[in-house]
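In TrEMBL this protein carries:
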- 695-704: compositional bias 'Gly residues' (COMPBIAS)
- 173-243: domain 'Plastocyanin-like' (DOMAIN)
- 556-686: domain 'Plastocyanin-like' (DOMAIN)
- 691-715: region 'Disordered' (REGION)
- 1-28: signal peptide (SIGNAL)
Amino acid sequence: MSHQTKCLHRHSMLWLAAMSLCSSTAFAYDTTNANALAKLNQRVLQVPPLLTPNAFPANHTPGPRDQFEKSYDLFIRYTDGSIYNPVTGTADKVRLRAYQQRKDKSWDANTLGAARFQAPTVMMVPGQTVRFKLHNQLPEQVEKLSAHTDQTEIQCAPTELNAPASPGCFNITNLHSHGLWISPSGNSDNVLLSIEPNVSFEYEYNVPVDHPAGTFWYHPHVHGSTAMQVASGMTGALIVKGERYPNPAKNGDLDTLLKKFEPKIGGGSAEVMMLQQVPYACFKNTPGKPYSSYHSVYDKNGKEIGPWTCAEGEVGMVENFDQVEKPDSWRASGRYTMINGQVHPKIVMAHNTVHRWRLIDAGFQDTVKLRIKQVSKPEEVEALLSGKKSIEDVCNGSDVWQFEVASDGLTHAKAISKITNYLQPGYRSDILFALPNAGKYCVYDDKASAALNSDQAKNARLLAVIDAGKSGQTSANTTRVSDEASQTQFMTQQLLVAANAQPALVREKIKADLKNGLQLNKFVPHKSFTPETIAKLNSQTKEYVTFDIAPVSDKTRFMVEGKFNPNLQPSLEYTYKPERIDHTLILGTEQIWTLRSKVGSHPFHIHVNPFQIIGIKWVGKDPEDKTTDFYQQYRNLVGTWKDTLLVAPNYEIEVATRYQRYIGEYVLHCHILEHEDQGMMQNVKVVVPNSKGGASAGAHGGHGAPAKQNERAGH
């Protein structure tokens, strides 16, 4: 058995052992999901609310800079609500940590159109100064929050740095703007800060005037609590809108080309499709051990209804690290991925119209293979919703092709067409698509082979049902052939019409690019690395990241090593240490990073500066299997810009990046957030160069770490 197979098997065995925390309780429960279609019609997808800026003080004198100065309040508190459970056909009561914008502690859901567990969308523009006052209104201890748990006061004593905290001890927080190109220091995007309960802190984001327009998001990032807070639903969209038209000398914003297709409602938030995984559970009343165990529920015939199912009247919560810790935690929970805070929503859309979705995978762990497919027999949708028929049985019509125009908020040089969109935790994918015909469509997470760190395959799961209404075009265009060629032709035609609104000096160039395979060259925000530059960088010092999971001192450890070395012994030295700088980088330079994984697959994410993928190489002993999910999602990625990228075993990935504008300390980590919380993270420091182009004196020593720490990173 290989080292990788042993570790995956061991990791799964740890999960099975921990399942003892999930005890069984017999409750009579009616599992008949009657009137499933009528219930669907009550779950129309809601547009995420927009975060409302604070008014200027009464003594403020209006000026031309007012539009570039915005301040907001974000309140974090436990919020009571409900989440639809397809297993029972009813809504489960839940109490979750949530971002709220109402000061009076009432639900944002009281505001028309607001989803209860969807944080407000933040709209920004380049050149703005945006301030967020974060109010941590979570309690220090989570006692007396549920009538179904023991009321013993929880003692949140410090634990080992990279070990899970005690149940109920996840209420220290902070704020991270995932993907924004802003300073990582001071009160900007500083994830090394901690905001304790009953403390407020104001962040200030100075968004540069040359910041790319795109899809980003915000979430907590306190080491040890990130996974639990994100899994509780603390995620929100952060959209940088662009109004810069291209000209012969400069590229522009893709938003200017797509303005024609923007929804008329929602203030830009209507394009947001936030995917969330909330593994809530109902806890047993265990004297002296609050939130230590949760249970399944059985029907009147003694059959388990579903993992972690709550009995009537119970309240689901996310309070025990076991709910997120294991490689199959999400699948074991039996929960369903939400879109904008809703499970199995109905999405009302027009066919024969171009739609843009800003997909954000805000899940803590699981891969989403998003697919859109027409339903051949719309009358069978109710059977699908009630569990009487499978996705394969009902969602069996034509595929809807997705044309990805940006990933991680950064516009592609050429749209990437796909029917399956692989979304890893932290990914964003801006897609254009058009529903070829009227009718109903399934949006679903397609079945997959073993993914990420799981050795279990997964079945397809429904995400939403699209109800395609009347065409937004002329009656002559009400139906179309729905193969790839016809959908590509339709998309090209629609974008060519939209290009007529572009400036005359670049209009024909844009149209010629669109006709040549949907190229978007005049909207790319970053200059690509040329072959000459890559050859030069290959002869210089590189940075190395190798992810590993292995037992050290009788515990499974989550590590980031340096240059790949199959003979390197696992050590606590490779787990996260906040006082150590693992990579010291020089402002104004360019560099290649080599990414590997020894065990499992890990989404690599680095803060501040994005990277361009310059090479993906199979390095396994056996021939590469081109039918795997890994191969399929790596296709067409070379040349694209990202800030988060899956690193699979037996692949070597090279990315190139520039350290521009900002100095200071930030982090890189695995975006399977329970891995990050348990040590799979490193500190990065960008420093001012000296007169010879090296690091300035004292630049290496952040937190007192010695300069030779960089050797550990594999230089």
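Each position is counted from 1, following the chain as shown.
Positions of Cβ are set from backbone N, Cα and C atoms, glycine also.
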Secondary structure of the domain 'Plastocyanin-like' (556-686) by DSSP, residue by residue, totals 14 helix, 58 strand, 59 coil
Mean pLDDT across the domain 'Plastocyanin-like' (173-243) comes out at 97
DSSP puts the residues of the domain 'Plastocyanin-like' (173-243) at 6 helix, 24 strand, 41 coil
